[in-house]
Amino acid sequence: MSSQQTEEHQTPILLPPEIENAPGIVAPPTATATIQPVPVSSLEAHHGEFATFHEGYVRHYIQLADAKAGVGFGVISGVLAYLLGKDAVREILWHPALSAKFGITATAILFLIVSAICAFLVIAPRLRSSPGDAGLVFFGDVGGRASGDEYVSDIASRSDSDLTAARLRHCFDVARVCTRKYALLKKSIWLALPGLALAMVTFLIS
């Protein structure tokens, strides 16, 4: 009985010729999404107008971030100076102990210091250009030229599309700087809130 079952399992299953000779269905290869670069020559006047709009747009938000960070840095620095200027607070810090008073005071100062550092990094200037024609706009690249005549000659040799492309690439660089600024500003604000709250508690208990 078992040998018959084994022979049945080993017997190949024969398919009708119609099925064996039927064309198979092959799944098409998965397409990968790619971004094709737009030729610079296709940039027109309205692209230059958009570059002008975007330059002003990003500049406004960078100024707003710098202003908020400047105010925050001033407030946090003032609170830190007042805290560290109190004899009672310095006494707590110079004589650490496993107590709620020391924990609250040290945590408040730590939060405020890190928040002030983040606010300062928002204001600190930093800008790197992208490779390519971004060197036509970024002041660091322009200032690194051998002479002004070289820069003028380079600009004169470019078409309107080339100059618009350089402006748009620079807009991208500045937008990345703006993104980093707001990420640091967000950290500064959220660190300052518990720091200021704990500082108020420190004022009351010291």
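Placement of Cβ uses the backbone N, Cα and C atoms for every residue, glycine included.
Residues or ranges marked as domain 'Pycsar effector protein' in TrEMBL: 56-205.
Below 8 angstroms of C-beta separation, residues 90, 105, 108-109, 112-113, 115-116, 119-120, 122-123, 181, 184-185, 188-189, 192, 195-196, 199, 202-203 of the same chain, each at least six residues beyond the ends of the transmembrane segment (67-84), sit close to that stretch. The annotation transmembrane segment is assigned in TrEMBL to 67-84 (among others).
For the transmembrane segment (104-124), the list of distant contacts is 65-66, 68-70, 72-73, 76-77, 79-80, 83-84, 89, 92-93, 96, 181, 184-185, 187-189, 191-192, 194-196, 198-199, 201-202, 205-206: same-chain residues at least six beyond its ends, Cβ to Cβ under 8 Å. Annotation comment: TrEMBL describes 104-124 (among others) as transmembrane segment.
Cβ atoms under 8 Å from those of the transmembrane segment (189-205) belong to residues 72, 75-76, 79, 83, 89, 101, 104-105, 107-112, 114-115, 118 of the same chain, restricted to positions at least 6 beyond its ends. Here TrEMBL flags 189-205 (among others) as transmembrane segment.
In this model, the domain 'Pycsar effector protein' (56-205) carries an average pLDDT of 88.
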